[in-house]
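Q: Got a structure for you, questions after.
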Number of protein chains: 2
Amino acid sequence: MTAYDRAPAFLTIDVGAVVANWRLIRDRVGPGCEAAAVVKADCYGLGAERIVPGLAAAGCRTFFVATIDEGIAIRKVLPREVTVAILGGPLPGAAADLAEHALTPVLNSLDQIGLWAGYAAATGSRLKAALHLDTGMSRLGLDAPAVAMLAADPALLNGIDPILVMSHMACADETGHPKNRQQLTAFQTLSGQLGLPARRSLGASSTIFLGPDYHFDLVRPGAVLYGLNPTPDQANPMAAVVALHARILQVRDVDSPMTVGYGATHSVRGKGRVAVAALGYADGVFRSLGNSGFGVIEGERVPVVGRISMDLTTFDVSALAPEQARPGALIEIIGPHQAADDLAAQGGTIGYEVLTALGRRYLRTYQGEVV
Amino acid sequence: MTAYDRAPAFLTIDVGAVVANWRLIRDRVGPGCEAAAVVKADCYGLGAERIVPGLAAAGCRTFFVATIDEGIAIRKVLPREVTVAILGGPLPGAAADLAEHALTPVLNSLDQIGLWAGYAAATGSRLKAALHLDTGMSRLGLDAPAVAMLAADPALLNGIDPILVMSHMACADETGHPKNRQQLTAFQTLSGQLGLPARRSLGASSTIFLGPDYHFDLVRPGAVLYGLNPTPDQANPMAAVVALHARILQVRDVDSPMTVGYGATHSVRGKGRVAVAALGYADGVFRSLGNSGFGVIEGERVPVVGRISMDLTTFDVSALAPEQARPGALIEIIGPHQAADDLAAQGGTIGYEVLTALGRRYLRTYQGEVV
């Protein structure tokens, strides 16, 4: 018997499609702008160790992760001259880890600049860093007063080679949002005040699609690499990366009134059939999909009925022939008929959260890897 | 530098508390009833390899998991005479895996009975199994017509030793729900019709607290082992198992109007401070907690402001002194002041989903293990 025979559900990840998506972005921004890759959160849950080598082989030379541990993990599959930037920046006491693994911190505050400059001074070394300016996210980044202090006192950066000045957009998925242009202007102003000999970067996935004004010297595609739609009000220009299918464990014929699942939230009145599939919220199929999500069997949508259980999900398959919905058959959860973005909309969230929530019990298969 | 120095967030799991919770259930059901343990979904996300040995050392002799792979994983840390039951049952082609690892399938349908009996016949062996009767979940399990067929034709079980007849409750967390007694009656009726020389089991966590009528010969505590409240309308009788804390990466002083996070969904008007903590929805802090969840710093609740990001969450810390909310300090997400059930309520879900969603980037520490 193989792992396939006993697997309850199957996650297929097309590394070739990730690489194709990266190339599409690279070609879109043109030769004057570098296409980096955002591979944090284990490539949005899809597996950094399998995907990052493919992107590197395609020519990607700058990778962004969130944490130092993520940086250490991908450094193992990347040559040392490739830039690995840590978006969370240095933590007190972790500067030596950053240096040892040739990781480039993104410095988000004067505190973090002080930590990194202090480590440079203590070790007598010059250290690369990116500087992150906050232009309207109010999350990580130097705000206007901090930028003014830095501009007035360049010695704060002693020992640091700033290789990138960056910011991040709050509303780039809404093309007409006034905040987009406000943040663009703020980025131009603040980065101009600093006047550092560093490249500039503003654009993550959706921002790239706002047009060339937003590209600057380097773009940071993330969600688009994994097939999510950067322009929710238009067709998705990206190739699909993820497919998720679950086995049907049992099909129940109903001919008397009954309720389905926890809390008895769904009632079956007429004749029908309910299929039980072998995945649930422990696999990342959110409880919010109860009585609102869909699966697909042979191209036909089948609605989720009842609440999502930890390991099981129930679908109304009454509209299908018995031979279509039978034990052992597969239900598409994400695939050609239903994108991760679609599933997200059914559950009241975004495709990003669908991907990062994908569980550990799937039989994972990678396609299109570099060999 | 250690993993502690660079960790963005910390998950602490008290194996001793899990064992204490199991003992509390064991003592509650008394000597005439066996307390098993439900350890599926990797012990609800908390780590089966670390927890299962503690339960076995305390005397637990029956474990339930969802999938065959989960059974194979815990068999590695359990002696062969301990029962490991697979709730999903046998999949076509996986019977040999079950037998090889001494796993006991839960047979949920006549199809699954046929698979297991067929494997017994093909190998000339007698095989243990549990039988699952559906009494109102309409999920997995033999329905009344299937039970009647089985009662009429005991040869269907040739080669099978049924060691347990079980069912599962739909509304046990609502003490007064009429479905509880209906399912109890149905279970008595259907198991009586079968008349097998097997022990009987109806109760998972909340069901156990419905009283001794629901205990039968074996109970299957799951959520309660991990500290979730089986009686949501009453105080939680279980010991806390999980603590989750995240580091503050940056604290921003605000003195002009601004918006926080993606979509600009939160506006700060007066003076204040916003802390950015190093965890997000990729770590299982659901997006549904945006503008609705809380953290705790030194016993003070601090509200989540703005949307949850993939790797970051922003809190309004204006009510605290600057030295309380500073970079490097910890925010409690789950802990003494805020249970997993509380976080779940803030995000519109249940504690079960909070636990199973806990991410992989935490520095995990286990306390109270058997040594």
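Using the three backbone atoms N, Cα and C, a Cβ is placed for every residue, glycine included.
Computed from a predicted structure; not experimentally measured.
Pulled the feature table from TrEMBL, pasting it below:
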- B:LYS40: active site, proton acceptor (ACT_SITE)
- B:TYR262: active site, proton acceptor (ACT_SITE)
- B:ARG139, B:MET310: substrate binding site (BINDING)
- B:241-367: domain 'Alanine racemase C-terminal' (DOMAIN)
- B:LYS40: N6-(pyridoxal phosphate)lysine (MOD_RES)
Q: Sequence gap of 6 or more, Cβ distance under 8 Å: name the residues on the same chain that satisfy this around B:MET310 (substrate binding site), in order along the sequence.
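A: The answer is B:GLY280, B:TYR281, B:ALA282.
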Q: How far is it from B:TYR262 (active site, proton acceptor) to B:ARG139 (substrate binding site), counting Cα to Cα, in Å?
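A: Between the Cα atoms of B:TYR262 (active site, proton acceptor) and B:ARG139 (substrate binding site), the distance comes to 39 Å.
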Q: Hey, does DSSP put B:LYS40 (active site, proton acceptor) in a helix, a strand, or just coil?
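A: Note: B:LYS40 (active site, proton acceptor) is helical by DSSP.
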Q: Do you know offhand how many angstrom separate B:ARG139 (substrate binding site) and B:LYS40 (active site, proton acceptor) by C-alpha?
A: 17
Q: DSSP says what for the domain 'Alanine racemase C-terminal' (B:241-367): how many helix, strand, coil residues?
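A: Counting residues by DSSP class gives 23 helix, 50 strand, 54 coil.
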Q: If I restrict to non-local contacts, at least six residues apart, and a C-beta distance under 8 angstroms, what lies near B:LYS40 (active site, proton acceptor) in its own chain?
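A: Those within reach of B:LYS40 (active site, proton acceptor), by Cβ under 8 Å and sequence separation of 6 or more, are B:PHE64, B:VAL65, B:ALA66, B:THR67, B:GLU70, B:LEU87, B:GLY222.
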